[in-house]
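Scroll down for the structure; my scribbles are underneath it.
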Amino acid sequence: MHAITKILFLCICSLTSVKSQEVTCIRPQDRLLSRWEASWRDETKKLGDTVRYTCISGYRRKDGVTRATCTRDGWEPNPLCEEIKCRRQQFNNADITGKIQAEYRYNDRVQYNCRRGYEGSFTLTCREDGWHRSNECTEIPPCGIPPALEDGDTKTAIKEHYSHNETIEYMCQSHYIMEGEPYKTCLYGEWTGHMRCLRPCIVNEDEMRQHNITLKSSGTKYLVHDEIIEFRCTRGLSTGTVAMRQRCNSGVLVLPTCRE
């Protein structure tokens, strides 16, 4: 009977002891805090009390809370402040120009250049609420099938669509001379660049016979543009109206005439 009484007495004392241990939280000494609610009159708070706080630049309140709560384990959240970081962003139409990192810190700026088919560049700045973007990539309209070249063709198979700044190379048929650069470039949805194929001249035997002339020296009867050829009379003398030396001008060759 005496043993039972002793056990009951010890249990009552233990419960009384726990009840008397009140949970309190003191003002935190955290260098990452920039403001701790100014309305405090007491340096301690009781279990469940909350306090509004803010963090220094480059840090934010953990888990998005606005107030710290006094718990049996101290102030929650723990830690009160966490460093602001932004994860690297990837885009289908732009690439980072500088050092590539997995994460960036508060106020870090990341420069992007827009890819082919797009115009411009932009900057991302890491802020408390995430990335802030300065600009957008502007899509540049593509070009369709490139224009045909008279007496010529493209060096490669043509496509239905070409990106901005994409080029295609042309060539002329055999014995034709190209005037201008051999490239056309897609710019803002339009093809730019001008060239033409200058035709060769063909020396016709029947026409020479009608003019009483022949080639002064044996040679080809095909002349490329700007090539010079010289004739001589087969009978009689030159009328002097047209010189005996002529230049091929894109398929046109003026023949001199000889008469007795």
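Cβ coordinates are placed from backbone N, Cα and C, and glycine is handled just like the others.
Between C143 and the candidates C114, C186, C197, TrEMBL records the disulphide pairing with C186. Its Cβ taken as reference, C143 (disulfide bond) is surrounded by 24 other Cβ atoms within 10 Å in the chains shown.
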